[in-house]
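Annotated features in Swiss-Prot:
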| type | residues | note |
| --- | --- | --- |
| BINDING | Ser57, Thr58, Arg59, Thr60, Arg108, His135, Pro136, Thr137, Gln138, Cys274, Leu275, Arg321 | carbamoyl phosphate binding site |
| BINDING | Asn168, Asp232, Ser236, Met237 | L-ornithine binding site |
Amino acid sequence: MAFNLKNRHLLSLAHHSTEEIKFLVGLAADLKEAKYCGTEQPLLKGKNIALIFEKASTRTRCAFEVAAHDQGAHVTYLGPSGSHIGHKESMKDTARVLGRMYDGIEYRGFHQSVVEELAEYAGVPVFNGLTDEFHPTQMLADALTMREHAEKPFHEIKFAYVGDGRNNMGRSLLLLGAKLGMDVRIGAPEGLQPEAELVERCREWAEQSGGKVLVTASAEEAVRDVDFIHTDVWVSMGEPVESWSERVGTLLPFQINDALVKAAGNPRVKVMHCLPAFHNSETAVGAEVAKTYPELANGIEVTESVFESPACIAFDQAENRMHTIKAVLVSSLA
């Protein structure tokens, strides 16, 4: 099937076909190899990219900046306190200003509607670096990471996400698996599962791609026979601290610990996390939670023993953010 990614937005993978997603992952693998071999060619010379961050970031910002620099592009970082966006100037007006100056715009913030408004009015490609609803650049990195470690085609890969299924990772992984014909399972408490409308759409995509979709309230059922187990933090950026009290009791059965890894029944199973991870009490947040919940001192959504084991490939994921973001920029702007 013919397709053209030139000047395309990346708002969520819902707007990309199976073939387009596979192409981006393949291009990322090629660009990664070229960087490792020292043969990378800068294809974005003379391009300028604006990076709008309404949420703090380590991996996304670094990945976009390094990817752009490697390809010869220039970036301007607009942080939460460094512009008039949303305070003195609407996103619609901001889009029309930046679109006159930049060849592409990245946005990391809260509402999906904001990045979609940005795309509607900017007149240049817009890339979603994360919203509360979707995290498409992370999905491309996860797809590349799973392909590297599984050493088999996507349609033979089984993976599970356990935790809060309503957040951007749970929702995005469900979409990714359905689009790529994978066997995807979401293990989450009934009150924290993806909304029925999204599940139904993903089941339709899975039917077209040959994939499988399972949403279950049993972590053990979700991870049975999988190749990969994904998780994310239990309280996301922007949510009140009080959320911990209601989440801990509900989500503790979905913690990735030695017992849950064993329940997969696959000695080669890998554990994935988009980071940052609360796998001990060495962070300010981890220490604060451990004061109230001592049983979580050695990890919240994933335990220290699992995170520091050979099964955990979270840092391969982190590196692949840069390679896959580079693929998005090259495919759209080169």
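Note that Cβ sites are derived from N, Cα and C of the backbone, with glycine treated the same way.
Using a 10 angstroms CA-CA radius around Leu275 (carbamoyl phosphate binding site), the binding-site residues that qualify from Asn168, Asp232, Ser236 are Asp232. Among the binding-site residues Asn168, Asp232, Ser236, the residue whose Cα lies closest in space to that of Ser57 (carbamoyl phosphate binding site) is Ser236.
Under the three-state DSSP scheme, Arg108 (carbamoyl phosphate binding site) falls in the strand class. Cβ crowding, taken as the number of other Cβ atoms within 10 Å, peaks at Gln138 among the binding-site residues Ser57, Gln138, Asn168, Ser236. Of the candidate binding-site residues, Arg108, Pro136, Gln138, the one lying closest to Asp232 (L-ornithine binding site) when CA atoms are compared is Gln138. Here the Cβ of Arg108 (carbamoyl phosphate binding site) has 22 other Cβ atoms within 10 Å, regardless of which shown protein chain they belong to. The Cβ of Asp232 (L-ornithine binding site) has 26 neighbouring Cβ atoms from other residues within 10 Å, across all protein chains displayed.
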